[in-house]
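What TrEMBL records for this protein:
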TRANSMEM  101-122  transmembrane segment
TRANSMEM  128-146  transmembrane segment
TRANSMEM  155-175  transmembrane segment
TRANSMEM  181-201  transmembrane segment
TRANSMEM  222-248  transmembrane segment
TRANSMEM  254-275  transmembrane segment
TRANSMEM  287-308  transmembrane segment
TRANSMEM  320-341  transmembrane segment
TRANSMEM  353-375  transmembrane segment
TRANSMEM  387-406  transmembrane segment
TRANSMEM  427-446  transmembrane segment
Amino acid sequence: MAADDELEAQIDRWRGYVHRRQVISSADVDELEDHLRGQVTDLRATGLDDDEAFLVAIKRLGNLDAVSREYAREHSDRLWKQLALVPDDSPGSPAPRWRELAVVLALAAGAGVAVRAGIAWFDDDLALARNVGLLVVPFLAAYLGWKRRAGVRTVAAIAVPFVVLAVVLNVYPFVPEGSTEVLAILHAPVVLWLLVGLAYVAGSWRSDARRMDFVRFTGELAVYYTLLALGGGVLLGLTAAVLQLVGVDPEPVITGWVMPFAVPGALVVAAWLVEAKQDVVENIAPVLTRIFTPLTVVMLVAVLGVLISSGGLVEVDRDLLILMDAILVLVLALLLYSISARDPLAPPALADWLQLVMVGAALAVDAVMLTAMLTRIAEFGTSPNKVAALGLNLLLLVHLGVSAWRSARFLRGRGTFSELERWQTRYLPVYAAWAGFVVIVFPPLFDFA
């Protein structure tokens, strides 16, 4: 009975998808559904279970109807996941899990050793800041590449830009504590995260679906890493309190050994948890986005009011502009996470309207900030920080503007949610390209100042 209910739910989702396309009449949908049910019945008679029969039937129906073909293309990965990624309770199954856990712990320890060696090697804090990402990312990328059995092309695509970035960060004659050095420190992690994405998608670099999977992975990784950090912080705090009560000072050990191993190691462990426990976060993610989207709207409206009432745009404090950039990046992250966590087959809901309001408010804030930046540049001239901030805000303006337009089309029934998804995944490499430009071109362009 439960299997029949699941099959009916799958057919209902397919029917709802076809109806929302608004290109097929109800009579045609009924006819297609009859054909689909007939295919499922025939396939079940051959010994296939409900999920297998539905997957094959929807693929066959795709040969007859363009809408069903698009449905099959967009959702076959999810159906195959249901079929293939079920837990294996056979006696031999624990061995691969233990082997993966051993690999994860070894890589986490390796990341800790690398960071600890970096602390001992670099006597300059800024030099360590330039290289800390280079020390940690190889271990995270190695886990993802090992997990997906990445080929030689993927390894080369990751290794070559990694080496170039490492050379640039360590060979360029940066002025100590100069603007270009700080910008390189801030933008290098964006380039490195693109390389992590290449390891995650393996050979499917051009797949929109795999790129969205990486966006989802990034959001889930942030959730798990935060949980690990909170739990580890509580544990360390209690341990330190007990040691202090007995007259032992734990600070040298915690700051010199525990933190250098725990912080980078937790990143690899969090990635493993995302891979192993995806269903848990997939249930939490929609709840998180529904909570934080309206709160972000309120924050953006308040920020917009502060910017407008702060007087002349030239007098706007530079630190305030930097903080506003951070808020806009946070909005972008929330937008991406919301889209990645949403069921693409679900009809427009209140959460989608709130998301559009959030993007609209962010666009208004971005427009005010761009005006303030252009005014300051006209008044005081250019600098590396101003040009970098201006470039980022222009990228955000384009990204959020097109996102708002595609969201409005979806809410009005003139577009599909998949169009909004594809825009996000195809625009994301632009940020990595800009970050690479800032790291590689800005220093010589501004005399490494």
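In case you wondered, yes, glycine gets a Cβ from its N, Cα and C as well.
Remember, it's a predicted structure, so these values are computed and weren't measured experimentally.
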- Query: Between the stretches 181-201, 222-248, 320-341, 387-406, which wins on the count of C-beta pairs under 8 angstroms to the transmembrane segment (427-446)?
  - Reply: 181-201
- Item | Intrachain neighbours beyond the transmembrane segment (101-122), with Cβ under 8 angstroms and 6 or more residues off its ends | 128, 131-132, 135-136, 138-140, 142-143, 146, 256-257, 260-269, 272
- Query: Should the transmembrane segment (320-341) and the transmembrane segment (387-406) be scored as in contact, given a threshold of at least 3 Cβ pairs under 8 Å and pairs 6 or more apart?
  - Reply: yes
- Cβ-Cβ under 8 Å with the transmembrane segment (128-146): same-chain residues at least 6 beyond its ends: 103-104, 107-108, 110-111, 114-115, 117-119, 122, 154-155, 158, 162, 165-166, 169-170, 181, 184-185, 188-189, 192-193, 195-196, 198-200, 202, 264, 267-268, 271-272
- Report, as numbers and ranges, which residues of the same chain sit near the transmembrane segment (181-201): CB under 8 Å and 6 or more residues beyond its ends. 126, 129-130, 133-134, 137, 140-142, 144-145, 148, 150, 154, 157-158, 161-162, 165, 168-169, 172, 174-175, 207, 210-211, 213-214, 217-218, 384-385, 388, 429, 431-432, 434-436, 438-439, 442-443, 448
- Message: Using Cβ atoms and a strict cutoff of less than 8 Å, what residues sit near the transmembrane segment (287-308) while being 6 or more residues removed from its termini?
- Response: 223, 316, 320, 324, 327, 330-331, 334, 337-338, 341-342, 351, 354-355, 357-358, 361-362, 364-365, 368-369, 372
